Amino acid sequence: MYKTDTIAAIATALGESAIGIVRLSGDEAIEIASKVFKGKNLNNVDSHTINYGHIIDPETGKVIDEVMVSVLKAPRSYTTEDSVEINSHGGIMAIQRVLEVVLANGARLAEPGEFSKRAFLNGRIDLSQAEAVMDLIQAKTDKAMDASMNQLQGSLSTKIRSLRQEMLDTLAQVEVTIDYPEYDDVEEMSLKQLNETAVHVKEQIQKILHQAQHGRLFRDGINTAIIGRPNVGKSSLLNRLTGLEKAIVTDIEGTTRDTIEEYVNVRGVPLRLIDTAGIRQTDEVVERIGVERSRKVMEEADLVILILNQAQALQEVDIELLELTKDQNRIILLNKQDLEPQLTHADLEPYIQDADLIATSMLEESGIAELEAQIEQRFFSGEIKSGDVNYLLNTRHTQLLRQAISSLDEVLESTEMMLPVDLIQMDFTRAWDLLGEITGDSVQDELLNKLFSQFCLGK
Ligand code: GDP
Ligand code: ZN
């Protein structure tokens, strides 16, 4: 029988983790592991057992690390091959040494994504599940991880498969109809069937794309712009949100830090703060540049947080920013509540419709919780939560879905023009094929290699 070579890599855990795992997969996984393991003889242990012992260098007999070793025999493993996971808690240096000794004893270093590739090739997971693994690795918050998990469990695949089944049924019906040419409305019936299914499938694809739009928010973060005149408290808010030292906000304007964390996690909502560098630039000309800059930043923003200083009367720049953001998903903060008010709700009346005004004081840290609650509520109470599934699509999925839609559009156009049925069937079948590529039912080797090479090592 053909032997698969045994691969090994460090399977880096999500986030900060105290333990590290070296993973092996292949026909000799257990044999290799037992060579470097001091404890029970791994060749004789049951599948799905965890075994305590030490990793040693068999050449010198020296102990490298204290470990727990899981043995997972084929086919009940992630790759469906014999697999071993060496759990080490000795830090990154120790885990490196464990990997080295495993490699020195017969394993080959895995290519990025090779574990998942094997899982896919062995029929353990489908392509969109494999890609979800990639998203999982890159997921930035808990909620994004939930969505990845969902896809990993096959929600996208399930949906796509049911759409393809529906299309296949229609194709079959059309074939049957065509086989009975004695009916004189054969063409008409077939056109109707193809049209109805195309309409329905297109709707469903659009729904997936729509939900994925929200999925993108989870994965990439909600593009958030914090805007306002100089000195209203933008940096202060940034610091509250990022939890950075208060000390970096000073009375001397122009105090800047070179880099600021781009992502903040507000109650599970990933905010990607745009133009944080711009926030910190200050001098007189900024009043003008500020508006220009805000205009640009806002084009990318999913959410705008506009800060006003309620301790000063409304100024022209404030009004410009209020007008600039009026169609935007925005939250307005009336900051510096700890100071004597100069700005009333009545002053703002002409410029706001249903904007959420939140009274804050960065100094006293009041109103921040309300802001966070507002952000959370907007993104979790709305459509995102009510949708039954959140799909996370990568660019390849999105492209395929769009292409499928345009093939279906061809179908719709041709059915309306009453073109010959076999011609319409071709576009219909193309859409069906394109959807199949999402679940990997028809992908070429080259594409596969490209896909899996994007994975981290050890996955
Ligand atoms: P930015 O220019 O908009 O980024 O404003 P900063 O965050 O740098 O704040 C400018 C000044 O206002 C700093 O001295 C802050 O300490 C101060 N400041 C910010 N928020 C408040 C607040 O709520 N109350 C008071 N009294 N001062 C604040
Ligand atoms: Zn500042």
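Placed from the backbone N, Cα and C atoms, the Cβ positions cover glycine too.
Not measured: the values here are computed from a predicted model.
DSSP classifies R124 ((6S)-5-formyl-5,6,7,8-tetrahydrofolate binding site) as coil under the three-state reduction. Taking a C-beta cut-off of under 8 angstroms and a sequence separation of 6 or more, R124 ((6S)-5-formyl-5,6,7,8-tetrahydrofolate binding site) has the following same-chain neighbours: Y78, T79, T80. Per TrEMBL, the feature (6S)-5-formyl-5,6,7,8-tetrahydrofolate binding site maps to R23, E85, R124, K459.
Neighbour density for N231 (K(+) binding site): within 10 A of its CB lie 16 other CB atoms from the protein chains shown. Among the features that TrEMBL reports, K(+) binding site is placed at N231, T250, I252, T255.
Under the heading GTP binding site, TrEMBL lists 231-236, 250-256, 275-278. In three-state terms derived from DSSP, S235 (Mg(2+) binding site) belongs to a helical segment. Cβ neighbour count for S235 (Mg(2+) binding site) (all protein chains, 10 Å cutoff from its Cβ): 25.
The annotation Mg(2+) binding site is assigned in TrEMBL to S235, T256.
Feature annotation from TrEMBL assigns domain 'TrmE-type G' to 221-380.
Considering other CB atoms within 10 Å as the measure, the emptiest surroundings among the binding-site residues R23, E85, K234 are those of E85.
In the predicted model, the domain 'TrmE-type G' (221-380) shows an average pLDDT of 75. The secondary structure of E85 ((6S)-5-formyl-5,6,7,8-tetrahydrofolate binding site), as reduced to three states from DSSP, is extended strand. Checked against ligand 1, the binding-site residues R23, E85, N231, K234 give N231, K234 in sequence order as having a Cβ less than 6 Å away from one of its atoms.
In the vicinity of ligand 2, defined as a Cβ distance under 6 Å, the following of the binding-site residues R23, E85, R124, S235 are placed: S235. Rounded to a whole number, the C-alpha distance linking E85 ((6S)-5-formyl-5,6,7,8-tetrahydrofolate binding site) with K234 (GTP binding site) is 48 angstrom.
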